[in-house]
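Here it is, the structure in full.
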Amino acid sequence: MKIVTPDAMRKIEDEYINGYGMDSFALMETAVISIMKHVNIKDRNIVVVCGFGNNAGDALGVARHLIVLHKIVKIFICSNGRELSRDCIKNMNILYKMNASIEFIRKTEDLNSLNKSISESDVVIDGLFGTGLSRQLDTYYTDIIKSINTYSKYVLSIDIPSGMNGENGYIMGECVKANKTVALQFYKKCFFCDKAKNYTGDVVVESLGIPKEISEKYDEKVYTSDEITDKILPKRNKYSHKGTFGRTTIAAGSEKYTGAAYIAAQAAVKTGAGLVTLATSKEQVPIMQSKLAEAMICDYEDKYFVEIIKKSNVVACGPGLDSNDSSLKIVEEVITNSECPIVFDADAINVLSAHKELLFGRKEKNIVLTPHPGEMARFCGCSIEDVNNKRIEIAKNTAIETNCIIVLKGYNTVITDGEKIFINTTGSSAMASGGMGDCLTGIVTGLISQGLDPFKASVLGVYIHGFIGDSLSKQMYSVTATDIINKISLYLKEFES
Ligand SMILES: NC(=O)C1=CN([C@@H]2O[C@H](COP(=O)(O)OP(=O)(O)OC[C@H]3O[C@@H](n4cnc5c(N)ncnc54)[C@H](OP(=O)(O)O)[C@@H]3O)[C@@H](O)[C@H]2O)[C@@H](O)CC1
Ligand SMILES: [K+]
């Protein structure tokens, strides 16, 4: 699904109303009806907190429907003297005719009534600000938001939790902590920023029926990954043989780290890569030979290592490497001897941070870097906090700068080729365990090996990795990389075209 900025949303709405002749109040009523689906019919006492724009207009429409359903509804308008939007006034006038309870919050003392009503309510409908919030809130508004957060039992936010900047997720002084956010028509970009989940609660998107040709015109090329993950895995032809599914080399492991190489190689095997060779350190060879039944093993010093890279359809490099000179040599060998796609992970990315020039001058955009925020920060020369605050921008700029595909891991992994951006929606903290990144590298590599282009393989690989984790975590308290590996081929069936 598409993800939009407030600016794009405004343009889409404007074109629909002013270009196509859609009635703005009818559009607001569509929003109202879709928000109503998320109000628990058992709730009796409802407080509706409104600002003065169209977010408030939506909230007033919701209030009207709730009154019709015989709910006890208290409406608070928090406009701080500002004139209400046209459609907001329309809804308010209908409410006056219906003898609805409407109070204006004008001064600090008025907050007492708001606090009391909220504490007696089952649910608060938050219609203070939506996509229109553009600057820091003053104390008039931060006090109202504090009241909601202090006294409410349950909050349903309309479009965006009030106080969150729809573009970058910044908290503009204070922000409503919603239990659920009903986003209108599209996900808003802010939902995928660091810590947004603490404020949005569960997010649901409700369609307003805006025609696709309008939204495509203002496409900012940011999507959730389910936009392309459905049925993109090619069907396995019954006449295929192991060569059909590609030759994969995994350059992983060092004297120091053992498990990562095994996990990455085994994940590639289980994803369906045809012929997998693990190149590893000399000390690891006998151990890996006994552990990996379906992969061939060689060591980095072997002359076979370069030969196999040259013959490969995809190479993965990095899991369990060390960040020393011998790792640099391995990374150089991988890059200089291959035209095929490469997936660089872990210490290979750390090595490349100091040797970005190795990434330049490739004919095709077929290198995938899969950093976690720490590796991304090192690669970009910024702090982890910077990365977390601007995940989408940093991933995109790095993709443009390096001509690589970037998979910035973490909650809502960002996958971008510098043009399109996909944000992953699968996976959870149940998967926060060692080896998960190595497993992901193996899955992405295994998908590329079978002919998927590196960008699609990255989007699908991240999605499947989290999807399996989510499914397993319904029955398991924590999920390990081995749990995922054991289930990959079973779950991949669901993604077959
Ligand atoms: N898109 C769609 O298709 C549909 C959208 N709909 C709904 O409309 C919502 C957007 O409505 P909106 O544009 O009227 O803005 P809203 O969020 O109500 O804010 C109100 C005003 O606040 C102001 N303001 C900004 N910062 C401020 C601050 N710090 N402190 C004080 N004031 C501040 C700013 O005005 P300014 O002061 O800049 O003139 C702004 O205009 C959207 O989220 C959705 O719920 C649906 O009805 C139907 C279809
Ligand atoms: K809101």
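Here the Cβ of each residue, glycine as well, is placed from N, Cα and C on the backbone.
All annotation found in TrEMBL is predicted automatically rather than curated by experts.
Sharing the features that TrEMBL gives for it:
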- ASN55, ASP126, SER162: K(+) binding site (BINDING)
- GLY130, THR131, GLY132, LEU133, SER134, ARG135, GLN136, TYR141, ASP159, ALA260, GLY320, HIS372, ASP438: (6S)-NADPHX binding site (BINDING)
- LYS409, GLY410, TYR411, ASN412, THR413, GLY437: AMP binding site (BINDING)
- 9-216: domain 'YjeF N-terminal' (DOMAIN)
- 225-495: domain 'YjeF C-terminal' (DOMAIN)
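For the listed features, I'd like the structural context: burial, neighbours, distances.
There are 31 other Cβ atoms within 10 Å of the Cβ belonging to SER162 (K(+) binding site).
For GLN136 ((6S)-NADPHX binding site), other Cβ atoms within 10 Å of its Cβ number 12.
Other C-beta atoms found within 10 angstroms of the C-beta of GLY437 (AMP binding site) number 23, with every protein chain shown included.
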Other than LYS409, GLY410, TYR411, ASN412, THR413, GLY437 themselves, what residues in this chain have Cβ atoms within 8 Å of the centroid of the AMP site's Cβ atoms?
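Going along the sequence, the neighbours appear as HIS372, PRO373, LEU408, VAL414, ASN424, GLY427, VAL462.
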Can you tell me which of these binding-site residues sit near ligand 1, meaning the Cβ is under 6 Å from at least one of its atoms: GLY130, SER162, THR413?
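Near ligand 1, sequence order: GLY130.
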From the binding-site residues listed here (GLY130, SER162, GLY320, ASN412, GLY437, ASP438), select those whose CB sits under 6 A from an atom of ligand 2.
GLY130, SER162
Which of the listed binding-site residues (ASN55, SER134, ASN412, THR413) has the least company, meaning the fewest other Cβ atoms within 10 Å of its Cβ?
SER134
Using Cα coordinates, what distance in whole Å links ASP438 ((6S)-NADPHX binding site) and ASP126 (K(+) binding site)?
42
